[in-house]
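Colleague: Got a structure for you, written out below as structure tokens; questions coming shortly.
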Amino acid sequence: MDDSVSFIAKEASPAQYSHSLHERTHSEKQKRDFTITEKQDEVSGQTAEPRRTDSKSILQRKCKEFFDSFKRQLPPDRNSELESQEKNNLTKSIKSRHLVMISLGTGIGTGLLVGNGQVLGTAGPAGLVLGYGIASIMLYCIIQAAGELGLCYAGLTGNYTRYPSILVDPSLGFAVSVVYTIQWLTVLPLQLVTAAMTVKYWTSVNADIFVAVVFVFVIIINLFGSRGYAEAEFIFNSCKILMVIGFVILAIIINCGGAGDRRYIGAEYWHNPGPFAHGFKGVCTVFCYAAFSYGGIEVLLLSAAEQENPTKSIPNACKKVVYRILLIYMLTTILVCFLVPYNSDELLGSSDSSGSHASPFVIAVASHGVKVVPHFINAVILISVISVANSSLYSGPRLLLSLAEQGVLPKCLAYVDRNGRPLLCFFVSLVFGCIGFVATSDAEEQVFTWLLAISSLSQLFIWMSMSLSHIRFRDAMAKQGRSMNEVGYKAQTGYWGSWLAVLIAIFFLVCQFWVAIAPVNEHGKLNVKVFFQNYLAMPIVLFAYFGHKIYFKSWSFWIPAEKIDLDSHRNIFVSPSLTEIDKVDDNDDLKEYENSESSENPNSSRSRKFFKRMTNFWC
């Protein structure tokens with residue numbers, strides 16, 4: 001059997017399928033850990049001694065284990081159980097509960113909680129909601145496609161950044177990997193700057209102090225590897241989601257006149273100052289900000305190589321994305337638009353330099369006379385910013401590791417320690433994080449805008465590449481006569497959903513180009529500075545793409561469907577046919593029907609089937 005291919009499931013009944021996989025994975029993990037321990041004893045030449053239980057010896061042992069964890073992973077030839085795995089193994093420490101919370105809350109930070117204030121001022125309330133609505137349709141199609149590929153290539157380091165290289169074109173894969181890696185490397189200082197801006201709501205103390213505190217905090221979290229990241233995100237995202245729920249309830253009460261110092265508000269701000277700020281061009285400014293706000297949701301796939309049971313966790317997380325879109329993004333955005341006028345001087349990007357710029361969530365509550373609560377909201381916004389900084393320090397090193405394994409970066413960066421941490425890549429990310437100490441500069445908001453310029457457009461490129469990869473994957477499966485039963489999870493939006501996502505992404509890029517050459521606030525006149533602030537990622541992508549073409553002298557623009565390698569790196573699922581599943585379900589239903597007291601109702605089994613299908617679809 002080819003080492004690069006993992007046959008995850010054999011012929012089995014539907015009920016035994018996921019259970020047997022989990023049992024085998026758990027037993028193999030135990031066996032592997034035991035074998036590694038034996039090998040370590042053989043290499044050291046020492047006989048295992050009974051462990052002393054006094055506190056001093058325990059402390060010494062813990063310290064030794066901590067320092068030893070930074071050593072390079074044991075080479076594969078010391079353990080036959082590891083020979084079939086990737087060269088650098090990332091620790092499988094992320095559980096299903098972590099992944100569900102990551103899919104719901106990761107990425108809720110700068111874009112939604114802070115950056116929305118700027119685009120509200122340029123687009124108006126109706127423009128902001130319309131832009132987010134279109135972006136939401138695209139995102140759902142993308143995540144469904146990415147979930148299908150994510151389960152097929154769960155063990156691939158770098159995950160979706162390597163899909164284009166395998167399924168579309170190596171040059172496209174290289175360009176997307178480069179720009180996406182740069183995005184996550186710049187997101188870290190962006191969040192540090194945002195943290196300093198958030199703290200200024202309370203105090204005017206030197207911002208670099210807070211940058212240093214947040215920086216050290218996320219470093220400590222990530223020193224615990226993927227487990228530390230996952231547990232921290234579980235806590236952070238729980239706080240964010242609770243804040244969102246609380247904000248929704250409070251915002252409705254305020255709008256109805258039940259809190260604060262004002263009467264019923266209703267849709268007052270949609271009439272005065274109005275629904276749109278700058279017409280259709282204002283709506284176009286929303287698209288990239290919406291993409292940036294939704295960014296980070298794909299991290300659930302990047303962590304696939306470190307998940308204990310991706311067969312269960314990835315489909316569940318992908319299905320729950322719709323709740324994040326509707327409840328966390330769309331609903332909160334609509335409520336903010338009902339409580340904050342787009343001409344408010346307190347919004348980020350306002351022309352009034354004397355205003356105290358704050359998050360639109362804080363403005364929505366504080367401007368209507370509600371006391372204390374804005375401080376809690378601002379505190380959760382700070383937690384959200386720290387959460388995204390934590391995600392960037394998790395994602396950035398793993399993307400660098402993927403580039404190093406592909407030979408794009410020096411091989412020394414492929415160093416992975418015994419706890420599964422890409423250590424040298426981690427240090428490179430820390431260097432980029434130091435940019436965050438410009439928070440004390442007078443040009444703080446300018447730095448924020450430039451860092452956001454790199455991040456926002458990059459998100460569209462990675463999403464488009466994921467959809468293109470899914471399209472080419474389906475084309476190759478059909479062309480080579482492969483069955484879709486080999487796929488563990490099928491995208492609910494199907495083949496054409498990916499085409500819709502690609503078309504929307506292209507539309508966004510065209511709109512962003514229009515806004516870049518004819519900015520809203522420049523009265524349609526070209527401004528080079530504003531152009532690059534809106535379109536900075538495009539030159540990076542083009543340079544990386546054509547540079548790769550020239551260097552490798554590869555002039556084909558895609559891999560033919562019949563030549564796409566569908567075996568290497570892919571998990572192949574062999575599940576029972578649909579006919580067999582139906583037979584099992586029918587037999588079970590028949591027994592339940594005969595033994596049930598309500599067997600007189602012939603529609604009972606049919607209703608149970610319908611309920612089960614609905615549950616599987618939404619949950």
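Quick reminder: no glycine exception, Cβ is built from N, Cα and C everywhere.
Note that this is a predicted model, so its numbers are computed, not measured.
If you look up Swiss-Prot, you'll see 1-57 marked as region 'Disordered'. Here Swiss-Prot flags 1-99, 144-172, 226-233, 303-320, 390-422, 468-499, 551-619 as topological domain 'Cytoplasmic'. Per Swiss-Prot, the feature phosphoserine maps to S13, S80, S84; the stated evidence is a large-scale study or a structure entry. Taken from Swiss-Prot, the feature compositional bias 'Basic and acidic residues' covers 20-42. Residues or ranges marked as transmembrane segment in Swiss-Prot: 100-120, 123-143, 173-193, 205-225, 234-254, 282-302, 321-341, 369-389, 423-443, 447-467, 500-520, 530-550. The topological domain 'Extracellular' feature in Swiss-Prot is assigned to 194-204, 255-281, 342-368, 521-529.
Explain the structural surroundings of these features, please.
Modeller: Listed as Cβ neighbours of the transmembrane segment (123-143) (distance under 8 Å, sequence separation of 6 or more from its ends, same chain) are residues 116, 269-270, 273-278, 282-287, 289-291, 293-294, 297-298, 318, 321-322, 325-326, 329-330, 333-334, 337-338, 342, 463, 466-467, 493, 497-498, 500-501, 504-505, 508.
Per DSSP, the secondary structure of the topological domain 'Cytoplasmic' (144-172) breaks down as 20 helix, 0 strand, 9 coil.
Within the chain carrying the transmembrane segment (234-254), a Cβ under 8 angstroms from the stretch's Cβ atoms is held by residues 97-98, 101-102, 104-106, 108, 260, 262, 265, 327-328, 331-332, 335-336, 338-339, 361, 364-365, 368, 370, 373, 376-377, 380, 383-384, 386-387, 390, all 6 or more beyond its ends.
Per-residue confidence over the topological domain 'Extracellular' (255-281) averages 85 (mean pLDDT, predicted model).
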Colleague: Could you tell me whether the transmembrane segment (100-120) and the transmembrane segment (321-341) have 3+ CB pairs under 8 A, leaving out pairs under 6 positions apart?
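Modeller: Counting Cβ pairs under 8 Å (6 or more apart in sequence), the transmembrane segment (321-341) reaches the transmembrane segment (100-120), since there are 3 or more.
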Colleague: Mind checking which residues reach the topological domain 'Cytoplasmic' (468-499)? Cβ under 8 Å, same chain, six or more beyond either end.
Modeller: 8-9, 140-142, 144-149, 151-152, 160, 163-164, 166-168, 172, 311, 314-315, 318-319, 558-559, 561-562, 564, 566, 571-575, 577, 617
Colleague: Please determine whether the transmembrane segment (447-467) and the transmembrane segment (205-225) are in contact (criterion: at least three Cβ-Cβ distances under 8 Å, sequence separation 6 or more).
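Modeller: Counting Cβ pairs under 8 Å (6 or more apart in sequence), the transmembrane segment (447-467) does not reach the transmembrane segment (205-225), since there are fewer than 3.
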Colleague: Do at least three CB pairs under 8 A connect the transmembrane segment (369-389) and the transmembrane segment (205-225), leaving out pairs fewer than 6 apart in sequence?
Modeller: yes
Colleague: To the transmembrane segment (173-193), which of 100-120, 282-302, 369-389, 500-520 is linked by the most Cβ pairs under 8 Å?
Modeller: 369-389
Colleague: So which of 100-120, 369-389, 500-520 is most in touch with the transmembrane segment (282-302), counting Cβ pairs under 8 Å?
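Modeller: Most contacts with the transmembrane segment (282-302): 100-120.
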Colleague: Determine how many residues of the topological domain 'Extracellular' (194-204) DSSP places in helix, in strand and in coil.
Modeller: 6 helix, 0 strand, 5 coil
Colleague: For a three-state summary based on DSSP, what are the helix, strand and coil counts in the topological domain 'Cytoplasmic' (226-233)?
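Modeller: The counts are 8 helix, 0 strand, 0 coil.
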